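Visitor: Next up is a structure, given as structure tokens.
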Amino acid sequence: MSGQGPQRRLLGSLNGTSPATPHFELAANQTGPRCLEVSIPDGLFLSLGLVSVVENVLVVAAIAKNRNLHSPMYYFIGCLAVSDLLVSVGNVLETAVMLLVAAGTLAAQAAVVQQLDDIIDVLICGSMVSSLCFLGAIAVDRYLSIFYALRYHSIVTLQRAWRAISAIWVASVLSSTLFIAYYNHTAVLLCLVSFFVAMLVLMAVLYVHMLARACQHARGIARLHKRQHFIPQGFGLKGAATLTILLGIFFLCWGPFFLHLSLMVLCPQHPICGCVFQNFNLFLTLIICNSIIDPFIYAFRSQELRKTLQEVVL
């Protein structure tokens, strides 16, 4: 749920039809034309959402089809795809409903529209939380596969993976329900922002440690082959670039949304913060873009999965 203007709830309404809270309106009026507002056409938003839906459906179908992909790592990737899929479906669904209601094509009672909005709010918020959780779970899984390679299969069993997956989904549904029910409490926003920061720190620490171990391993190989000045440097630059892209995309796509939530707590009435609030639609568009990029980072790099995707598509 996006909002070109201030939001009535935690995430607001896609086309800004919901009534805004007074202090957000005051901030917008104070800034006036000095604010830079990026307008996202509804058609573009819907198109990005549909692309994300198709991509993530293909990832889930490929993992379900190929038994060679029935492992904890690919189950986590599949659940990430499901989370991204739900984010896109929820946003596309609410955009379509709001456009139909605004055009008068969809006639429904206000109570029915309100209930539908509540359900979609919970769906989107829960899928966002689960998406962040599964990004963290993938990082932990890769960390264990590198630093505990000999014991990995005894540590990360299918049973434990399914328990973790179930716990993430249950926690996401419960937390999103509470967040939407108490959206006007500052503690809710602080919890969401703290959760994002925790996931960012977790991923950064794990991936940096993995990069350091990989570079150390490359130096050892280089010394054996007496090419100490070539392999480590090239490998380190490639690994650093990969790490920068991975964490950079994560921060770029999710950071503005949580910056928005942070400013709602820190400076809800400040004119400059009011300018940020007006671009909430752009922030949710970036999250949709992240749902499109995630399959290329975590799924499509697997040759086995790409081969299965070709079979599914053809």
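Cβ atoms here come from the backbone N, Cα and C positions, even for glycine.
TrEMBL annotations: computationally assigned, not manually curated.
Pulled the feature table from TrEMBL, pasting it below:
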TRANSMEM  44-63  transmembrane segment
DOMAIN    55-298  domain 'G-protein coupled receptors family 1 profile'
TRANSMEM  75-107  transmembrane segment
TRANSMEM  119-140  transmembrane segment
TRANSMEM  161-181  transmembrane segment
TRANSMEM  187-214  transmembrane segment
TRANSMEM  235-259  transmembrane segment
TRANSMEM  279-300  transmembrane segment
Visitor: Do any residues, 6 or more residues outside the transmembrane segment (187-214), come within under 8 Å Cβ-to-Cβ of it, and if so which ones?
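Guide: For the transmembrane segment (187-214), the nonlocal Cβ contacts are 10, 129, 132-133, 135-136, 139-140, 142-143, 146-147, 175, 178-179, 235-236, 239-240, 243, 246-247, 250-251, 254, 258, 261-262, 264-265.
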Visitor: What stretch of 75-107, 119-140, 161-181, 279-300 shows the most Cβ pairs under 8 Å to the transmembrane segment (44-63)?
Guide: 75-107
Visitor: Kindly state the mean pLDDT of the domain 'G-protein coupled receptors family 1 profile' (55-298) in the predicted structure.
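Guide: For the domain 'G-protein coupled receptors family 1 profile' (55-298), the model's average pLDDT rounds to 84.
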